Structures are given as C-alpha cells and as structure tokens.
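In what follows, a structure is listed as structure tokens, so that the remarks can point back to it.
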Amino acid sequence: MAYPFQLGLQDATSPIMEELLHFHDHTLMIVFLISSLVLYIISLMLTTKLTHTSTMDAQEVETVWTILPAIILILIALPSLRILYMMDEINNPSLTVKTMGHQWYWSYEYTDYEDLNFDSYMIPTQELKPGELRLLEVDNRVVLPMEMTIRMLISSEDVLHSWAVPSLGLKTDAIPGRLNQTTLMAMRPGLYYGQCSEICGSNHSFMPIVLEMVPLSYFEAWSALMV
C-alpha cells in the first residue's frame, strides 16, 4: 500500500500492474529525453549570438520535427495498446465475483457459490483497533485465492462509483444499469487496499476496499464457513 510522501506508484502485486510500471518508466524516459532536448535548445538560444534572421524556410528542419514526433507517439502508443488488450482479455476465470456500489458501501456476491454474499462497510475511526488504518478498514474483507484468475463484475445500484485497487492495477467504473468486468490476479498473499475513485456524494471518502489474498486451501475453508 501507499506510504507518506510516496512519489512513485505502489509496488506491483499483479502481472498487469507490473506491465503498467514498465510502461510508466518507458514513457517517463521519453518525456525526460524530450525535456532535456528542449532545455538544451533554449540554453543555446540564450547563450549564443548566432541568429538566422534572414532564413524564411527550412524544409529539412520542418521534415524532422514532423516525422520525429510521429515516431515518438508510435513508441508510446504501441506498448499502451498492448497493455489495454491484456487488461481486456479474460480467459477461463477460476472465480467470478460480482461487485455492486452503493451510497456509501460495497456489496459482493460470489456467483460460483449458492449463497455467499455480504456488504462491506468502512469501520468508523472510533472503533478501530491498534494497528488498523484510518478510513481504509472494512467490517467484511473480500477474501480471494491468490495466483488464480478472478473475474470481477462491477456495477452500481444508484450513482457512479469506481472500484479501484492501485497495487493490483485495477480501476473500473461502476455504472448503474451497466455491467463492467475486469480481471484480477495477485501473485502473493496479503491485504490490498483501495477506495472508491469516483466522486459519488457526501460520503465518497468513506468507501474503502480491502482484498485479502490467501492460498486456495484457506479460501476453500473460509468459503465453507461463510456458506
């Protein structure tokens, strides 16, 4: 999860988030090189006395500054499109969980089980135990098996919401009357925190998400107790 004064993204826990981190570094390097070139040209203009006031056109220069930006945009677009297709591809999910946004809580339904569903509310600050996180803890965590492909179906009962867990690279809009889907896979166990990322009313800040990723054997024992 995030920590105070953090500058970068959260540590990647899923294959998708690892790809997003690589893409972030790739794009940042391109931006850094462009910025360095622009600063170098500006410094030359300020320090040199050589000018070309009589130059009316320069076909070679115009060709370069037309083709070069096009190449740079292609270098950014290709890996971006690859990740978009990866995020949209869901093949043979091992488990499907339906998520519904409400003002202001989340409800979850494990569709592969006959009667496994619950609501998830934020724990008020005055009820937190030592070591628990303010505005991020919930009364019912979403327990899921790690290292398995999980399909999340996301919608809303009232207004627009957004179901987001940054360390897993997840952010999907919850839209009334529409069912969006995304894929989830965690490579290691642990607690992963998120929040509603779409302003949805006065208590928008009080809609946390907590995923508890566990080994398959633990998940089977938990689901048996819940059902």
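Yeah, the Cβs are placed from backbone N, Cα and C, and that goes for glycine too.
Swiss-Prot has this to say about the protein:
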BINDING   HIS161, CYS196, CYS200, MET207  Cu cation A1 binding site
BINDING   CYS196, GLU198, CYS200, HIS204  Cu cation A2 binding site
BINDING   GLU198  Mg(2+) binding site
MOD_RES   TYR218  phosphotyrosine
TOPO_DOM  1-14  topological domain 'Mitochondrial intermembrane'
TOPO_DOM  46-59  topological domain 'Mitochondrial matrix'
TOPO_DOM  88-227  topological domain 'Mitochondrial intermembrane'
TRANSMEM  15-45  transmembrane segment
TRANSMEM  60-87  transmembrane segment
### Query
What parts of the chain pack near the topological domain 'Mitochondrial intermembrane' (1-14), using Cβ distances under 8 Å and only residues at least 6 beyond its ends?
20-21, 24, 133, 136, 166-170, 184-188, 190-193, 213
#### Entry: Inter-residue Cα distance where the pair is the residue listed as 'phosphotyrosine' and GLU198 (Cu cation A2 binding site), in Å
33
#### Entry: Predicted model, mean pLDDT over the topological domain 'Mitochondrial matrix' (46-59)
73
### Message
DSSP-wise, what's the residue breakdown of the topological domain 'Mitochondrial intermembrane' (88-227) into helix, strand and coil?
### Response
21 helix, 61 strand, 58 coil
### Inter-residue C-alpha distance, TYR218 (phosphotyrosine) and MET207 (Cu cation A1 binding site) (nearest angstrom)
26
## Note on the structure
Same-chain shell around Cu cation A2 excluding CYS196, GLU198, CYS200, HIS204, C-beta within 8 angstroms of the CB centroid, reads GLY101, TRP104, VAL159, LEU160, HIS161, SER162, SER197, ILE199, GLY201, MET207
